[in-house]
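Noted in TrEMBL for the protein shown:
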type: ACT_SITE; residues: A:Cys336; note: active site, phosphocysteine intermediate
type: BINDING; residues: A:Asn273, A:Ile274, A:Cys336, A:Ser337, A:Asp338, A:Gly339, A:Trp340, A:Asp341, A:Arg342; note: substrate binding site
type: COILED; residues: A:509-543; note: coiled coil
type: DOMAIN; residues: A:124-499; note: domain 'Myotubularin phosphatase'
Amino acid sequence: MEHIRTTKVEQVKLLDRFSTSNKSLTGTLYLTATHLLFIDSHQKETWILHHHIALVEKLALTTSGCPLVIQCKNFRIVHFIVPRERDCHDIYNSLLQLSKQAKYEDLYAFSYNPKQNDSERLQGWQLIDLAEEYKRMGVPNSNWQLSDANREYKICETYPRELYVPRIASKPIIVGSSKFRSKGRFPVLSYYHQNKEAAICRCSQPLSGFSARCLEDEHLLQAISKANPVNRYMYVMDTRPKLNAMANRAAGKGYENEDNYSNIRFQFVGIENIHVMRSSLQKLLEVNGNKGLSVSDFYSGLESSGWLRHIKAVMDAAIFLAKAIMVENASVLVHCSDGWDRTSQVCSLGSLLLDSYYRTIKGFMVLIEKDWISFGHKFSERCGHLDGDPKEVSPVFTQFLECVWHLTEQFPQAFEFNEAFLLQIHEHIHSCQFGNFLGNCQKEREELKLKEKTYSLWPFLLDDQKKYLNPLYSSKSPKFAVLEPNTVSFNFKFWRNMYHQFDRTLHPRQSMFNIIMNMNEQNEQLENDIKDLESKIKQRKSKQTDGILTKELLHSVHPESPTLKTSLCFKEQTLLPVNHALRTIEGSNPADNRYSEYAEEYSKSEPGVVSLEYGVARMTC
Amino acid sequence: MASAPTSKYNSHSLENESIKRGTFFILIDKEVIYICPFNGPIKGRVYITNYRLYLRSLETDSALILDVPLGVISRIEKMGGATSRGENSYGLDITCKDMRNLRFALKQEGHSRRDMFEILTRYAFPLAHSLPIFAFLNEEKFNVDGWTVYNPVEEYRRQGLPNHHWRITFINKCYELCDTYPALLVVPYRASDDDLRRVATFRSRNRIPVLSWIHPENKTVIVRCSQPLVGMSGKRNKDDEKYLDVIRETNRQISKLTIYDARPNVNAVANKATGGGYESDDAYHNAELFFLDIHNIHVMRESLKKVKDIVYPNVEESHWLSSLESTHWLEHIKLVLTGAIQVADRVSSGKSSVLVHCSDGWDRTAQLTSLAMLMLDSFYRSIEGFEILVQKEWISFGHKFASRIGHGDKNHADADRSPIFLQFIDCVWQMSKQFPTAFEFNERFLITILDHLYSCRFGTFLYNCESAREKQKVTERTVSLWSLINSNKDKFKNPFYTKEINRVLYPVASMRHLELWVNYYIRWNPRIKQQQPNPVEQRYVELLALRDEYIQRLEELQLASSAKLPDPSTSPAGPSQMMPHVRTHF
């Protein structure tokens with residue numbers, strides 16, 4: 001690689017910013033084409049993907065060496081001290097180059113090879129099929145149909161080819177409407193609620209300026225409201241703060257005038273734009289440790305970053321949307337400015353509240369594919385995959401994941417997946433290891449031939465499903481059909497396992513979930529044993545019934561009393577001190593020794609979540 | 001749980017109450033309007049016994065809306081006058097010790113609130129009316145006697161005491177040496193009773209350094225006491241200095257004794273003006289002194305008041321986090337925990353004996369020693385162990401429960417009141433959040449303790465010290481809270497508890513890891529959907545039950561198959577494979 005001058009530096013120190021004792025590890029730093037690797041004296045490896053690097057800083061030389069601070073997009077901060085300044089400088093320069101690629105083709109996904117053949121690769125890409133998903137929702141139907149208007153990306157470059165629109169909306173109406181919408185993103189179906197026959201639609205802002213009108217656009221909205229046989233009124237949610245929307249009018253854009261559209265109720269919901277979100281996250285990271293952890297004003301710092309307020313705003317919007325459908329049976333059209341950031345957040349989160357399918361592992365993948373990837377959330381720009389405009393970078397998708405995390409906290413039984421799943425997805429929107437999140441829209445992805453040259457993330461996550469299962473998930477409980485989250489202030493908490501995921505001091509909940517997971521497995525094992533034994537007994541029974549032993553068998557049915565007796569006293573034993581019972585089992589059967597595993601979990605001090613990174617690394621090797 | 005009265009008690013608990021011996025109705029069936037801060041005014045009927053106040057709604061199927069032990073009441077005020085205008089402006093406003101207020105509106109005609117006001121005042125504040133506290137009337141019976149839980153001799157024996165460095169002394173048998181200490185004390189073997197008497201003259205309220213806990217392996221100790229009476233002139237006392245040196249010498253591993261003064265440095269200095277102070281370097285050569293910066297009872301009281309302001313009745317919405325921070329409650333929790341961690345670490349890793357004191361050694365000192373012991377000794381993390389810890393470090397060593405809580409006392413503004421014990425329980429809760437498998441008890445256990453800290457149903461927390469309790473024959477005349485808990489332990493158990501011996505718990509006392517105990521402080525707010533039981537616990541209990549069922553099933557099958565099949569040629573594959581799972585139970 002032309003950017004790498006030094007591949008190995010010895011005697012490098014790694015400081016742990018969470019450790020209270022200011023301990024440091026000494027080891028060797030390696031620079032590979034894709035990763036920065038640190039191996040300490042205990043042979044423990046720390047892998048950092050170049051694409052994860054958000055910022056590299058070389059600090060002033062100290063007596064012990066030259067400090068190199070690397071901030072990662074997964075919120076890891078590593079602090080190396082390189083003994084010789086020249087080495088530090090070389091690494092610094094290399095990382096600057098390696099972390100900011102100019103071309104898609106230089107991204108990791110194009111060289112990543114998980115040893116799969118072409119058909120496996122293709123199968124992986126076919127795992128999530130959006131046509132299938134629309135069918136699941138119940139479209140096309142008598143009111144909604146697939147439109148071929150954008151088949152060649154002629155109407156809207158940033159939309160997918162396949163779009164669902166009201167059956168009564170003719171092509172001229174669609175074309176006309178698209179001309180009246182920013183970037184041609186005209187109103188299309190995002191989610192169809194089969195029972196309520198109501199729809200979530202999405203678009204970008206109208207080019208209304210101060211007074212412009214567009215009959216086709218008005219017709220299209222009318223067609224959407226007519227496609228709902230129950231409620232002729234529809235909501236138009238502008239997810240921006242009113243002030244921003246008004247300002248947009250001066251630029252010839254703006255929002256719908258209620259007078260021009262029949263049957264609409266217009267509503268602002270006030271989510272701030274990508275620039276506000278970016279600087280809010282920056283502030284959040286500052287109070288939370290970029291500049292040291294010993295801040296005493298943690299809570300007021302958290303508040304002044306505004307981050308949780310923004311999360312709440314997104315959540316409130318989604319709740320509004322879900323209520324409109326559930327309570328009023330009304331269809332809702334959601335937009336912001338271009339309809340790819342806030343609109344994606346609100347549509348996807350709203351669907352997640354309404355439809356329990358999206359709370360499964362597979363369903364969540366579908367949701368991301370649909371509302372984020374296919375509808376052109378600009379992943380590459382928002383995540384800064386390439387060396388581009390830093391003003392386009394914004395944690396919009398991270399916010400979505402955080403909203404979902406808050407929901408999992410409030411409804412621990414409603415989700416099939418756990419926190420690790422969300423963290424892993426977050427890891428990969430930045431890793432550029434898989435093709436899913438590369439590019440900014442479907443058209444661009446096709447041009448990059450991602451399906452031929454890269455792999456899809458989803459099959460790899462599905463293969464590892466066991467790691468991401470939530471042991472509390474109760475799929476059938478009707479309690480969790482539609483989620484109605486409570487947005488009272490104290491429910492919004494700092495997501496420690498995201499923003500401090502490399503804090504190794506504590507991960508208590510994880511350990512509890514591990515216990516439950518292990519217990520679950522034990523029970524499954526027992527269940528299998530029972531089945532085994534039952535079938536064996538059955539077999540023998542049938543053998544014996546023809547044999548001479550029939551008599552004896554009849555006899556053996558009777559002496560149930562000893563069996564009953566032992567099981568009874570056993571029951572008593574377990575009822576009293578649950579843990580004693582546990583111990584006795586485990587003590588004699590090391591195979592399922594929950595206790596020792598658990599103790600190990602603690603002594604390892606390296607929680608499951610943290611090993612994510614190693615997961616990435618291992619895949620690459 | 002007496003904490004969530006709504007819906008917890010169905011209507012016939014009223015009848016139960018009247019049957020329960022020791023309680024009697026004083027006021028029956030009085031029509032009032034309860035001004036619920038969450039759901040607006042509710043018309044209902046009030047019933048008052050000498051123990052509690054009930055409110056039964058007249059609107060919604062006579063559901064019980066309120067069930068409040070009178071002991072919880074800290075203040076009763078009349079609101080409005082006979083001439084006040086406006087709806088529901090005339091009535092009573094009751095402030096409770098458990099983070100809530102109750103408002104009742106009554107009819108203005110005929111002084112209708114007078115009887116209710118007088119009865120409540122009389123029975124909520126019996127001390128002012130020379131009436132007995134309810135605990136002395138309570139005739140509840142339990143099948144376990146909670147008073148036997150703590151036996152100091154047994155507890156010290158469990159710790160391996162006496163040994164050749166430490167002895168048990170009965171010098172305080174009649175509470176003559178120190179009236180706020182327990183009768184039985186553990187002191188260095190080499191200190192004579194006369195030494196102890198001389199040391200007592202130099203310690204505030206004669207609370208001399210005595211042993212709280214000894215490390216089972218390295219034999220370092222946690223010793224507690226009050227501040228030395230140094231005063232402005234910097235008095236010294238040879239006996240006290242010698243005594244501390246004797247304590248130091250019981251541990252040969254380190255040449256210094258560590259003294260933790262729980263107070264902020266300035267407060268300790270200021271105490272010199274009133275005759276108190278701290279151990280100076282010149283006088284105590286072989287000791288190192290650290291201040292732990294924990295504030296006094298008044299600061300804590302004001303801090304909790306601010307917490308109440310932001311959570312009751314309405315939860316602060318727009319500036320929740322900064323408001324929470326400005327109460328400083330979590331910061332105080334953090335300081336107490338940090339102090340206890342230092343004590344524990346010093347004893348366990350630093351292998352140094354530790355002396356802890358504050359001013360009088362009954363507030364912050366009790367917090368620090370008991371929390372450090374909880375971190376160091378897994379025994380105290382069991383239900384009974386925790387009861388012993390509270391009984392020992394708090395009750396027997398004279399944490400002034402009567403003054404801090406004001407049982408049956410009408411002086412709601414008494415400067416002696418302070419939520420020191422609540423703060424301790426909060427710290428325990430924080431620890432249980434961080435170590436979800438380390439404690440045998442659950443959150444409900446902690447909340448139940450706090451509920452009965454105020455309720456006056458049990459004698460456990462009455463009076464300021466052991467001598468007063470003995471005088472009042474509390475153990476004979478009242479029921480112990482531990483009777484209630486230990487006779488129904490399953491309710492208070494944490495299913496995740498995994499007993500571990502000798503594991504020291506070091507909680508992370510950083511703001512990032514501390515949170516407000518919503519299920520306690522905000523429990524009256526209907527917007528917190530308390531998921532009872534907690535889904536994580538619930539799932540685990542279900543799995544445990546399922547496993548037991550499976551194992552039983554498997555056992556039965558095995559017995560059936562082995563009984564059925566004497567034929568050796570076909571059997572070995574089956575049961576022998578299963579055996580490991582089951583054999584263990586026999």
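Every residue, even glycine, has its Cβ placed from backbone N, Cα and C.
Features recorded in TrEMBL, as mapped to the structure shown.
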{"residue": "A:Asn273", "record": "substrate binding site", "DSSP (3 states)": "coil"}
{"residue": "A:Cys336", "record": "active site, phosphocysteine intermediate", "DSSP (3 states)": "coil"}
{"residue": "A:Arg342", "record": "substrate binding site", "DSSP (3 states)": "helix"}
Cβ atoms near A:Cys336 (active site, phosphocysteine intermediate) (within 10 Å, other residues, all chains):
27
Given the recorded substrate site (A:Asn273, A:Ile274, A:Cys336, A:Ser337, A:Asp338, A:Gly339, A:Trp340, A:Asp341, A:Arg342), which additional residues of the same chain have their Cβ within 8 Å of the Cβ centre, ordered by sequence?
A:Ser204, A:Thr239, A:Arg240, A:Thr343, A:Val396
Report, as a single number, how many Cβ atoms besides its own are within 10 Å of the Cβ of A:Trp340 (substrate binding site).
26
Cα of A:Arg342 (substrate binding site) to Cα of the residue listed as 'active site, phosphocysteine intermediate': how many Å, rounded?
6
Give, as a single whole number between 0 and 100, the mean pLDDT over the domain 'Myotubularin phosphatase' (A:124-499).
94
Between the binding-site residues A:Asn273, A:Arg342, whose Cβ has more other Cβ atoms within 10 Å than any of the rest?
A:Arg342
C-beta crowding around A:Asp338 (substrate binding site), within 10 angstroms:
19
How far is it from A:Asn273 (substrate binding site) to A:Cys336 (active site, phosphocysteine intermediate), counting Cα to Cα, in Å?
9
Among the substrate-binding set A:Asn273, A:Ile274, A:Cys336, A:Ser337, A:Asp338, A:Gly339, A:Trp340, A:Asp341, A:Arg342, as the record gives it, the longest Cα-Cα distance in Å:
12
